[in-house]
């Protein structure tokens, strides 16, 4: 048995092996974080060793909480584990649900708590090569244009967040400023 995450089985929240949850398409909890500095968003390219969506661009970090872990604790933990980021305390923005085929017989059927972390000042980022192969800061408008032009380069959930939940995640200031 691998990592246990919170998933719904017969309308009950129970601990389920993470791989099993994806193979069976079980609805499960997830956490996504966006780090924003001025008008730029930190995105990551997933490591090639990931069991689904390897090599695709995603938001700053995304994961599943451990069975007994709160979403906010999970967000801080995964910023540290995936990107070596400490000292950021993401604020809760939104809960959303989505369902997406992520290839290799895997399905994301997630109830996601989304967090936004405002970066003020220098930020040391040290990607974990088992998780992340590349990072970059990109403006909101530029990210939308890239997703439109090369959708195959981005994870399904990032496209869903940008196309259907951006106002709630980022707020009007980032979106309006990015359009100007």
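Our numbering is plain: 1 for the first residue shown, then up by one each step along the chain.
Glycine too: its Cβ is placed from the backbone N, Cα and C atoms.
Residue 62 (active site): 25 other CB atoms within 10 A of its CB, across all protein chains. Summarising the annotation, Swiss-Prot assigns active site to 62 (among others) and lists sequence analysis as the type of evidence.
What Swiss-Prot records for 110 (among others) is active site, and it gives sequence analysis as the kind of evidence. DSSP gives residue 110 (active site) a strand state.
Among the features that Swiss-Prot reports, Mn(2+) binding site is placed at 22, 28, 64, 108, 110, with the record citing sequence analysis. Taking all protein chains in view, 24 other C-beta atoms sit within 10 angstroms of the C-beta of residue 28 (Mn(2+) binding site).
According to Swiss-Prot, the feature Mg(2+) binding site maps to 62, 82.
Positions annotated as domain 'Nudix hydrolase' by Swiss-Prot: 26-160.
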Tell me whether residue 64 (Mn(2+) binding site) sits in a helix, a strand or coil according to DSSP.
coil
For residue 82 (Mg(2+) binding site), write down the residues of its own chain that are at least 6 apart in sequence and whose Cβ falls under 8 Å from its Cβ; none is a fine answer.
44, 61, 63, 127, 128, 131, 132
Below 8 Å Cβ to Cβ and six or more residues apart, same chain only. Which residues does that give for residue 22 (Mn(2+) binding site)?
51, 52, 102, 106, 107, 108
For residue 64 (Mn(2+) binding site), the nonlocal same-chain Cβ neighbours (under 8 Å, six or more residues apart) come out as 3, 5, 6, 18, 21, 28, 29, 30, 31, 74
As a whole number of Å, the Cα atom of residue 62 (active site) is distant from the Cα atom of residue 110 (active site) by 11
Per DSSP (helix/strand/coil reduction), residue 82 (Mg(2+) binding site) sits in helix
